[in-house]
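Taken from TrEMBL, the feature repeat 'HEAT' applies to 10-48, 164-202, 203-241, 242-280, 281-319, 320-358, 359-397, 398-436, 437-475, 476-514, 515-553, 554-592.
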Amino acid sequence: MSMVDEPLYPIAVLIDELKNDDIQLRLNSIRRLSTIARALGEERTRKELIPFLSENNDDDDEVLLAMAEELGVFIPYVGGVEHGHVLLPPLETLCTVEETCVRDKAVESLCRIGSQMRESDLVDWFIPLVKRLSAGEWFTARVSACGLFHIAYPSASDMLKTELRSIYTQLCQDDMPMVRRSAASNLGKFAATVEPAHLKTDIMSIFEDLTQDDQDSVRLLAVEGCAALGKLLEPQDCVAHILPVIVNFSQDKSWRVRYMVANQLYELCEAVGPEPTRTDLVPAYVRLLRDNEAEVRIAAAGKVTKFCRILNPELSIQHILPCVKELSSDSSQHVRSALASVIMGMAPVLGKDATIEQLLPIFLSLLKDEFPDVRLNIISKLDQVNQVIGIDLLSQSLLPAIVELAEDRHWRVRLAIIEYIPLLASQLGVGFFDDKLGGLCMQWLQDKVYSIRDAAANNLKRLAEEFGPEWAMQHIIPQVLEMINNPHYLYRMTILRAVSLLAPVMGPEITCSKLLPVVVNVSKDRVPNIKFNVAKVLQSLIPIVDQPVVEKTIRPCLVELSEDPDVDVRFFASQAIQSIDNLSCPHLAQPKFRAPFFSLILCWQ
């Protein structure tokens, strides 16, 4: 190809691949747009590439989505912000396609480009685009237009601003529910750019129309607007305009609207102030906590701690706590689970006395719930209660239930207890831990489920780190080493795993005197899985112990294992010997060889 033709090559490749029957080739071509633009240069990108993309937008949604995404970051390739307007035509077309995700990405890219454009260019190019989309014959254009007003409005003249507010009002009254939904969901962003004087008149008028829409899908999006508008208005205006709407919404005939209110209500409390919250919003929230629909109760229960933080403790105890007691025995397990995930956070809010008298019985009932997720959610947040009532009371009231859960028939519950043990141990202290929980930690090493045994081994390491090597030498090491003679080989493997984890914590002296002799002795086990795990453990001990110990004890054991009849035992033993050689003579290190297939699929299990 001649030098004259070379600059044409990238665009030729693009055209070729964009018309290819293979969607992957077309997709790859679109994702290389920036590379092609750099090859073409800024001027040719503006004059050839962008028009080409504008004309070739009848493609699979996946390709169009990639195009919309690429164009959003294309300003540097067309010559900077002064030429940003050339990117608007292809994105305008993408705003009208049927696929929602393509339209959303096109709107997002237009917003990104519009936020960088100069004010004069916004007036000349961006605002006319918004007006064209708003007047689009097909509803998809009008849906997309709603997401662009907050970019166009600040740069408009007073006359244009009046026109844009009028157009938005028309979109909020559109015949198509999809357009009204888009207008409702974008109202908060648009309202944030409107002047305060027009906010109280035009925007509040639009908002009131949306709150009375006959489609519940529009009304529930208006609920989101309540929170956004509440932050923009003065408290007195919020009480006058937003509060009555939200109270009515809390009794809406559609459970979806009530669900949205339950999610958003606590945000409005700060906007309206303490007195309206006490008189109007607390009764509304109580209604939602006792709603007929489980989904609404789930949403309300999940916000109970956030809501209580806004109120004073007396109001929470008087109005919210009775509902919490009811929800703790709710017929829906998902309601109880949502409550359990947040109820522990109420302890710091209510204080010590109310927690002991009111919350502890609820905690206990949830700890004994038949649904595992409920129990898990309580277990994972116990530290929040400990900070309020102290470890003595916590241990007397909740620890028996925790010990009972340690033997729960659902292994995930047992796993959650194990993961919480180090934190609990640090809070309880050494003495209490030894009396109440020490035996459980050893018991888990012989659990029937591998995940429990592995977590138990990791748990011992974390406990040794928490209480120190001396404590571990007295309370963990003897009991662990006793279990190495268990008749079941899977349990012996778990002990080997525990030894490999404990050795770095215990240090070289204890490792050499207590752990290493046991590992060497187990190398004579009759089960190949045990023997190659011994080789792996010995390899992990090499950096911990001194070099003479490696040569005198570890290497002879590994040499013996390297002559084992089992191919996997030989492999792991040879690998460990190689590690010793690399450590003593790094310049003699040999390249690693491939493991036998069986070795690759075997693990601690």
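Please read every residue number as a count from 1 along the shown chain.
Any Cβ shown, glycine's included, is placed from N, Cα and C.
Within its own chain, the repeat 'HEAT' (164-202) is flanked in space by residues 127, 130-131, 134, 139, 142-147, 149-150, 152-154, 156, 209-210, 213, 215, 217-218, 221-222, 224-225, 227-229, 232-233, 237, 241, which lie at least six positions past its ends and keep a Cβ under 8 Å from the stretch.
The repeat 'HEAT' (320-358): residue composition by secondary structure is 33 helix, 0 strand, 6 coil, according to DSSP. Averaged across the repeat 'HEAT' (281-319), pLDDT for the predicted model comes to 89.
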